[in-house]
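Engineer: Sharing a structure here in structure tokens format.
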Amino acid sequence: MRPERESFDVIVIGGGHAGCEAAAASARMGAATALVTHRFSTVGAMSCNPAIGGLGKGHLVREVDALDGLMGRVGDAGGIQFRVLNRRKGPAVRGPRAQADRKLYAAAMQAAIRETEGLSVIEGEADELIVVEGRVTGLRLADGREFGAGSIVVTTGTFLRGLIHLGEKNWPAGRVGEAPAMGLSSSFERAGFTLGRLKTGTPPRLDGTTIDWSAVEMQPGDEPPEPFSVMTDRITTPQIQCGITRTTAATHEVIRANVHRSPMYSGQIKSSGPRYCPSIEDKIVRFGDRDGHQIFLEPEGLDDSTVYPNGISTSLPEEVQLAILASIPGLERVKMVRPGYAIEYDHIDPRELDPTLQTKRLRGLFLAGQINGTTGYEEAAGQGIVAGLNAALAASGAALTVFDRADGYLGVMIDDLVTRGISEPYRMFTSRAEYRLTLRADNADQRLTEKGIALGCVRSARTLHHRTKMEALNAARTLSKSLTITPNEAIKHGLSLNRDGQRRSAFELMAYPDIGWSQVRAIWLELSAIDPVIATHLEIDAKYDVYLERQSADVEAFRRDEGLVLSEVDYQLVPGLSNEVRAKLEKARPFTVGQAGRIDGMTPAALGILAAYLRREARKTSKAIA
């Protein structure tokens, strides 16, 4: 783990969720990689809530896992309560989530980093990017040490000129108790990047031994718990329950009487916070007609009495936070371990990036995580793995890879960022994806692992596991389609079918809403030999089969436009474009015609002109070669 060299193929700055995935992915690709972090002991720290996954976010965890990333396996090692959200809804919108033990999670992540071959850890503060002729060539630390690099991935989280706010007080910090990164922001500005400011927040931490648990509703996890990673056979960590309580009218009165002391409302903070994770004072101001707001009481560990009250993020003064807590059922006598706070930090407009997460301004420089304007561990991890594998490819001189909107939520998120930019911290939701039926959490490995194998970021153990699983799934699908039955025979087995004389296969029967795997297995005993995991995949495929056929046509049309590459086009030479459209295209520099179509204000006519121009140029090139 100790650096034995002064130059690396890839240097990753930051040991958070994005940085760990980037560094590990780069090393798996065979690149000599260094992870630069203030202290190795903080690697894998969960700065805010002690949980992984959720709606949309769980899809990202599964996709990171499909590319042999760390978060899924580490989440399984540290998970102390697993739940699949939206379980009553269709598989496309279900979100796997795990409550985590902070210590177990960090320990598992640190172990994974230590065990990654080809990955060194450098403790120190990154201070300045070394740039030569528009390309990053190395990194200078605050203590004067310099390291050369073929590529650099920056994953600084909230540390870029971080500033914590608590009531009327504020002080520089990357998170509570840790210094911010000041020099890197200046380095970005010298390179010509425009920096913006964003804000996020965290709730107070509570002493769980002082909570009246009898006054709150208890919420158990799923039994048995469902792991994130396909490489995890079963969860062996002890499982816990969480509590649920609500704010009251008295809570709201305390907040209204003191809202002027909140940095967000006093004018002390002018940057935007996450719309879908508002502070409790924001909730009361924006949703003043509600009687109460739900609070989840989430234990932070098996041997830690600290509790995270999910739902009351705040930066109000400490004494106000104590008054708020005292007005909430179950928390009347609670002791506050640490007050909540808000933090402001620098970010870069993600439209400065191309879809590989490489900056357009400096070659060899990749960005991932909150520096790109996202919020959340899972969003950071997803960007980290893409940036890390592309940084390794760039360092070796190989072609970079793009994950598009039909590949997965990774592609949806990155395309949203680099095409549309952000005005507030970006969070993933299933509603952001056009191809939700295809991009399910349950089939992430089926969609992405072969791509990861081809790229070189998937190790041999997972490759063998994946191909064995796919052989079993294909064999089960073939068998289920070969077993057929008449309507009369099906009715004798208790199934409700039209008497139309048409034979139907076991696979076709499972497409019916009221027929599942258990019913068809009862008819054909040979299906009993199929592994339950494979059977679940098969049933979901059958339910969605007709819809997936329709969606595949949409994906094919999407891919046609994504195949028309615009990266080298001089828009002044394209006849028929309006000056307004030319200006939009010059500013955005879209990668493909498909991406151009997602720029605000782009017209169908302009897209037709671009597609026709590219086809004409391709024909000219073909004739010239001939």
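Counting starts with 1 at the first residue shown.
For all residues, glycine too, the Cβ spot is worked out from N, Cα and C.
Below are the features I grabbed from Swiss-Prot:
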BINDING   Gly14, Gly15, Gly16, His17, Ala18, Gly19  FAD binding site
BINDING   273-287  NAD(+) binding site
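Can you walk me through where each of these features ends up in the structure?
Structural biologist: In three-state terms derived from DSSP, Gly19 (FAD binding site) belongs to a helical segment.
Look at Phe287 (NAD(+) binding site): DSSP puts it in coil.
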Engineer: Which residue among the binding-site residues Ala18, Cys277, Val285 has the fewest other Cβ atoms within 10 Å of its Cβ, if you could check?
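Structural biologist: Comparing Cβ neighbour counts within 10 Å for the binding-site residues Ala18, Cys277, Val285 gives Val285.
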Engineer: Could you round the CA separation between Phe287 (NAD(+) binding site) and His17 (FAD binding site) to a whole angstrom and send it over?
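Structural biologist: About 32 Å separate the Cα atoms of these two residues.
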Engineer: How many Å separate the Cα atoms of Lys283 (NAD(+) binding site) and His17 (FAD binding site)?
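Structural biologist: Distance (Cα to Cα, whole Å): 28 Å.
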Engineer: Excluding Gly14, Gly15, Gly16, His17, Ala18, Gly19, which residues of the same chain place their Cβ within 8 Å of the centroid of the Cβ atoms of the recorded FAD site?
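Structural biologist: Checked against the 8 Å cutoff, the neighbours are Val12, Cys20, Glu21, Ala22, Thr37, Val43, Thr155, Gly157, Gly369, Ala380, Gly384.
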Engineer: What same-chain residues, at least 6 away in sequence, bring their CB to under 8 Å of the CB of Gly273 (NAD(+) binding site)?
Structural biologist: Leu198, Lys199, Thr200, Gly201, Met264, Ser279, Asp282, Ala342, Glu424, Pro425
Engineer: Under DSSP, is Glu281 (NAD(+) binding site) part of a helix or a strand, or is it coil?
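Structural biologist: Where Glu281 (NAD(+) binding site) sits, the three-state DSSP reduction gives helix.
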Engineer: Say you check the Cα of Gly16 (FAD binding site) against those of the binding-site residues Arg275, Cys277, Glu281, Val285; which is nearest?
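Structural biologist: Answer for the nearest of the binding-site residues: Cys277.
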